[in-house]
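Going by TrEMBL, these are the annotated features:
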| type | residues | note |
| --- | --- | --- |
| BINDING | A:CYS42, A:CYS50 | [4Fe-4S] cluster 1 binding site |
| BINDING | A:CYS51, A:CYS54, A:CYS59, A:CYS70 | [4Fe-4S] cluster 2 binding site |
| BINDING | A:HIS259, A:CYS295, A:CYS333, A:CYS451, A:CYS481, A:CYS522 | [Ni-4Fe-4S] cluster binding site |
Amino acid sequence: MEEFKLTTYEQLQEDTDRLLETAEKVGANTWQERVKNQTPHCKFGENGVCCRICTMGPCRITPKAPRGICGCDAHGIVGRNFLRFTAGGSATHSDHGREICHTLHIASPDGDYKVKDEAKLRRLAPVFDIDPEGKETYELAHEVALAALEEYGKPFGYQKMTKRATKERQETWLREGILPRAIDREVSTAMHMTHMGNSSLPEALIRQALRNGLSDGWGGSMMGTELSDVLFGTPKEIETEADLGVIKEDEVNICVHGHDPSLSEMIVEYAENPELLALAKEKGANGINIVGVCCTSNEVTMRHGIPMAGNFLSQENVVLTGAMEAIVVDVQCIFPALGPLSKCFHTKFITTSDICRMPDSEFIHMDPTKAGQIAYDIVKMAVENFANRNKDLVYIPQHKQKAYVGYSCEEIIHKLDGVTNSQVDPTGTYRPLAQVVTSGVIRGAVALVGCNNPKVRHDYAHVELMKKLIANDIILVLSGCSAQAAAKAGLLDKRAKELCGDGLKRVCELVDIPPALHMGSCVDISRMMLLVCDLANELGIDTPQLPVVGCAPEYMSEKAVSIGNYVVSTGIDTFLGVQPYVAGSSECTELLTNGIGDWVGATYYVESDIEKLGDMMIERIEEKRKALGI
Amino acid sequence: MALLDRIFAGADAVYGLTVGAIDDAIAKYGEEKAIAFPDTAYSLPIYYGVTGTKVKTLGELKKATETLKALNTREPQLHDGLMSGVATALGAEFLEVLKYIDNPTPYEEPCSGHLPDAIIRDMGVPLVTGDIPGVAVVVGTAPTADEAAALIKSYQEQGLLVTLVGGCIDQAIEKGVKLGYGLKVVPLGKDITAVAHVVSVAVRAALIFGNIEPGNANGLMEYTKERVPAFVNAFGPVDDVTLTAGAGAIALGFPVITNDSNNIDAIPQTLIVQPEVDKFNATSLEARDIKIKITKIDIPVSYASAFEGEIIRKA
């Protein structure tokens with residue numbers, strides 16, 4: 001067995017530098033260059049004190065001009081901007097979830113989309129007040145899909161998924177007036193509240209930000225995750241690889257990028273189509289190689305072990321290898337730069353969603369009723385493009401790491417069953433996890449999530465924090481680009497147990513898992529919410545008491561802010577490594593880092609010094625243990 | 001109280017006792033007084049295995065307590081808990097060796113105290129071949145003597161080596177369980193520190209059969225975890241000292257099964273709370289992943305390799 005070593009930043013940097021040489025050669029523009037052009041950033045925007053929500057402005061707050069034209073002060077402006085940021089993120093996740101509901105609604109036994117996890121469908125039906133008893137699979141699937149779609153715009157009542165939280169959480173949300181109603185309504189309410197001449201009271205704006213976040217985490221995202229599992233199968237442990245080395249010089253490479261698994265699932269299926277494989281051979285390629293970037297990548301890696309080429313800030317690198325026949329995207333976090341960049345190579349940049357139209361792309365409208373045919377056409381287009389590859393421009397960095405992925409809640413419980421003693425323990429529960437937490441074998445858990453951000457050295461914060469936390473016997477659950485940072489570094493390899501403290505190492509050995517568990521895409525953070533609630537129930541406590549915190553060290557998108565809001569509302573302290581745009585308001589800052597603790601039992605912690613951020617998390621976890629007497 | 005805090009408290013107690021007892025002995029015999037276990041080439045086997053250093057005099061023993069102190073770190077992590085357990089095993093060994101000063105036989109029948117090297121060499125082959133499928137370390141006093149006897153017999157019938165520490169020895173005698181090395185039921189001693197004599201067996205097995213270099217503590221613990229199929233059955237109430245001794249067993253890779261559910265935080269496959277003593281056997285074998293090779297034959301008397309050394313006397 002070859003020696004296990006993490007991939008270092010220096011190695012990653014070398015790979016990137018080499019690819020940037022190619023960029024220079026072909027005259028391509030990259031994010032590294034664009035960051036330079038944008039620096040320094042506008043301080044008013046960074047502090048959140050610039051308001052452009054009516055045409056009397058733009059207004060900005062200075063000591064000389066403490067109020068905007070309408071009279072709104074810095075606290076109102078920052079609060080509104082924060083709420084709008086949240087609404088953007090919530091809308092994004094929730095629309096993703098909606099697409100999945102629609103896909104489930106057209107699933108049929110002989111169609112492109114089928115029900116792959118019927119047991120999960122039957123488990124979920126009662127959440128929507130549907131009795132699965134005696135119902136045929138697809139009849140039930142359509143009924144559940146319709147009920148799920150109604151969650152988006154129902155006139156009365158609250159999100160049904162919230163009933164899956166702890167009893168104390170549900171009571172807290174109701175008491176604090178943040179129990180989410182219809183998903184779209186919360187986005188609309190946010191937009192309404194932030195219109196000129198409406199709310200300027202920080203407390204009201206931030207309360208709605210929490211409710212809007214909850215409508216995402218316990219609404220749109222959760223339905224996106226759960227119904228994706230029904231359609232495409234609930235993830236199970238699977239071995240794969242990560243980093244640019246997964247791109248193959250002798251095969252047709254197709255990169256799936258974006259978030260919605262409906263299209264990528266089909267592409268993965270058609271990459272194994274014998275006719276297309278024969279065509280690839282004819283064109284001189286030894287096969288068809290699908291790789292992924294961002295959350296679409298996470299979706300197909302969790303369910304099929306499709307290798308992860310990279311995360312958010314790697315997306316241009318994928319094209320810069322010169323070996324990408326097509327980069328197929330759906331929605332969210334797709335650099336518009338990919339259009340002009342792909343024009344410098346033979347790469348086809350294919351957009352597929354009406355939500356995400358970009359110049360310099362080939363648009364193939366993804367009609368879910370014709371998904372199979374569309375996927376076939378796209379794969380074929382990529383295969384035919386193989387001959388156009390300019391071999392002189394090809395450089396594929398050879399770094400890659402083995403990764404184990406697929407840790408859905410169901411799979412985690414399945415793995416935990418492996419360490420139960422049949423004479424003592426029940427199976428099918430989180431009890432073994434509760435035991436290792438209570439006994440102190442592991443000190444706690446950190447949910448590491450979020451994006452990349454050029455304000456932080458690419459993946460540095462993710463990986464450094466991970467190394468520190470696992471060395472301190474803190475288990476990690478990961479999603480999104482954080483999970484991919486871990487995968488590239490090698491932290492999803494089971495051999496990474498060697499970097500853990502004795503306690504976590506022992507758990508990794510017994511349960512046969514890596515120290516960092518890839519739980520999926522960003523909508524799959526809803527899995528983590530269910531995990532913490534079920535774990536709290538197992539221990540007979542509420543979520544804020546758990547020695548568990550959340551962390552987004554390199555976050556970037558509005559989605560991350562919406563996620564932060566629902567994670568905090570679910571009772572989990574959330575640590576941010578990038579300053580949110582709230583520094584311009586002492587009142588909003590106070591609320592977010594302290595005041596909301598009185599409402600939901602958890603708050604935000606902001607620290608851009610990554611070393612300190614890690615120490616703060618460990619300290620917080622130990623405080624929680626002390627309070628519990630464990 | 002948090003599990004690790006209890007372990008630390010137990011380790012502190014043993015450390016205090018050890019240092020106190022050594023000081024008393026030095027006051028009585030002087031630092032140059034020789035100390036040794038009988039019939040072993042491994043000095044104080046646990047200490048020798050862990051540190052690679054042989055201890056020959058009371059003065060050296062006193063100095064060796066610095067190792068205990070160094071192992072008693074107090075970070076709230078499993079590593080520190082396990083190291084405190086190792087320190088406790090060393091402390092127990094130190095306390096035990098003091099019993100042998102000017103007294104080659106501090107233990108009386110049926111208790112064995114320290115086991116000679118010859119027994120370990122004798123046991124090595126059947127342990128490797130699986131003829132002895134496991135080693136049960138039974139500690140404390142069972143809720144009833146019947147339960148203790150039934151448990152010991154159940155292991156004996158499966159061919160395991162059973163070692164006894166504490167009140168279960170009298171319980172076994174009360175119920176007429178035949179004891180002795182030949183029968184693979186070895187009462188070690190009635191103090192909890194006597195548990196050092198079975199740890200000593202595991203350590204010497206690693207040194208003799210595993211070719212572990214003395215002082216290679218990690219290699220030693222790896223070997224015992226992989227190759228010595230031992231486990232501990234600790235009857236409640238489990239006090240802090242017993243608990244920290246349990247941590248020592250866990251450091252060697254041996255699971256601990258107890259019927260004490262009071263203030264004990266279970267750890268999967270490691271520290272298991274099994275309230276019913278009659279399920280200790282099944283729970284323990286599963287936890288240590290011991291598969292019994294023997295086919296059970298339905299005959300009116302017990303049947304196992306353990307009875308091979310039995311002597312039949314005239315009535």
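Just so you know, glycine gets a Cβ as well, placed from its N, Cα and C.
A map of TrEMBL features onto the structure.
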residue  : record                           : CB count, 10 Å
A:CYS42  : [4Fe-4S] cluster 1 binding site  : 10
A:CYS50  : [4Fe-4S] cluster 1 binding site  : 21
A:CYS54  : [4Fe-4S] cluster 2 binding site  : 14
A:CYS59  : [4Fe-4S] cluster 2 binding site  : 19
A:CYS70  : [4Fe-4S] cluster 2 binding site  : 16
A:HIS259 : [Ni-4Fe-4S] cluster binding site : 30
A:CYS333 : [Ni-4Fe-4S] cluster binding site : 25
A:CYS451 : [Ni-4Fe-4S] cluster binding site : 24
A:CYS481 : [Ni-4Fe-4S] cluster binding site : 36
A:CYS522 : [Ni-4Fe-4S] cluster binding site : 32
Between the binding-site residues A:CYS51, A:CYS295, the one whose Cβ has the fewest other Cβ atoms within 10 Å is A:CYS51
Cα-Cα, A:CYS54 ([4Fe-4S] cluster 2 binding site) versus A:CYS42 ([4Fe-4S] cluster 1 binding site), nearest Å, comes out at 20
Residues lining the [Ni-4Fe-4S] cluster site besides A:HIS259, A:CYS295, A:CYS333, A:CYS451, A:CYS481, A:CYS522 (CB within 8 A of their CB center) are A:CYS294, A:ASN298, A:ASN311, A:PHE312, A:GLN332, A:GLY480, A:SER521, A:SER557, A:LYS559
Integer Å value for the Cα distance linking A:CYS451 ([Ni-4Fe-4S] cluster binding site) with A:CYS70 ([4Fe-4S] cluster 2 binding site) is 35
CA pair A:CYS51 ([4Fe-4S] cluster 2 binding site) / A:CYS333 ([Ni-4Fe-4S] cluster binding site), Å rounded to integer, equals 24
Cα-Cα, A:HIS259 ([Ni-4Fe-4S] cluster binding site) versus A:CYS50 ([4Fe-4S] cluster 1 binding site), nearest Å, comes out at 31
Running the binding-site residues A:CYS59, A:CYS333, A:CYS481 through a 10 angstrom C-alpha radius around A:CYS50 ([4Fe-4S] cluster 1 binding site) leaves A:CYS59
The rounded CA-CA distance in Å from A:CYS59 ([4Fe-4S] cluster 2 binding site) to A:CYS522 ([Ni-4Fe-4S] cluster binding site) is 34
A:CYS333 ([Ni-4Fe-4S] cluster binding site) and A:CYS42 ([4Fe-4S] cluster 1 binding site), compared by Cα position, are separated in whole Å by 22
For A:CYS333 ([Ni-4Fe-4S] cluster binding site), the three-state DSSP class is coil
Taking only the CA atoms, the spacing between A:CYS295 ([Ni-4Fe-4S] cluster binding site) and A:CYS42 ([4Fe-4S] cluster 1 binding site), expressed in whole angstrom, is 30
Same-chain shell around [4Fe-4S] cluster 2 excluding A:CYS51, A:CYS54, A:CYS59, A:CYS70, C-beta within 8 angstroms of the CB centroid, reads A:ARG52, A:ILE53, A:MET56, A:GLY57, A:PRO58, A:GLY68, A:ILE69, A:CYS72, A:ILE77, A:MET196
